[in-house]
Amino acid sequence: MLHIPYPNLSGIARVVSTELLTGIGDKDGFDAVDDLSEPTMGEKLASLKLEGKDDVLNPENADSSLVVKPPSADSVNILVKQALHADDRALLIDCLYRQDEKVIANSLSMLNPSDVLKFLKSLVPIIQLKGAVLACALPWLRSLLLQHSSSIMSQESSLAALNSLYQIIESRVSTFNPALQLSSYLDLLYAESVYDEVEENDVIAPVIYEDEDDSDDDESDADSSMEVDTVEDGDEPILYSDISDAEEDGSD
């Protein structure tokens, strides 16, 4: 009996008997022919298991198709043209949120002169807005004027849009200096208030200076006042306080 080993198998019989193959061939009326070049069942199962393990060990390969790529300049240019031709303001604003400088420049470079004028006129009401939409529209307006200034100036119908943009910009800039002055005054007042609070909190403790020499002199004077005079004849010593008392009695 011939046994064929099958490596890399777990949980499956590692040895397959060729008698099973021979029996199958006898029942069907033909002799089983062993094709050594054809992979065996064990090898097929092993290859299937290995492929599954590779997918599990490398989930990045399985999820590579799910990675979202950023839009290219071609796709954004197509969306801009669709928004201009359909007069779709919502789609145009969605395109303006693309803030990549290369995407903006390449998308605007593909516009023809008629689309350039439409885009300029569409930006006028958007520039009048405030907030994030205005901040997103400014890079597009700047790139549009830098790339297509000659074609814009060559069209007379663009003068109205340019005049409107000029008035909007002047009205915004005119309030810049007063706003800057007000901001400076507020910063100055705030700094002064903070300085006053610091001065109130930091109370300076009074400095007490003691002259040690004066105290020593006072102590020496007190000791000298209590000194006694000694008498050579063996009389009792007389205190200065006794002398003063005797003088007072004599005066009386």
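Each Cβ is built from the backbone N, Cα and C atoms, and glycine gets one as well.
Now, the feature entries from TrEMBL:
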DOMAIN    88-189  domain 'Small-subunit processome Utp12'
REGION    208-252  region 'Disordered'
COMPBIAS  209-236  compositional bias 'Acidic residues'
Check your understanding: If you run through the domain 'Small-subunit processome Utp12' (88-189) with DSSP, how many residues end up as helix, strand and coil?
Key -> 84 helix, 0 strand, 18 coil
Check your understanding: Over the domain 'Small-subunit processome Utp12' (88-189), what is the model's average pLDDT?
Key -> 91
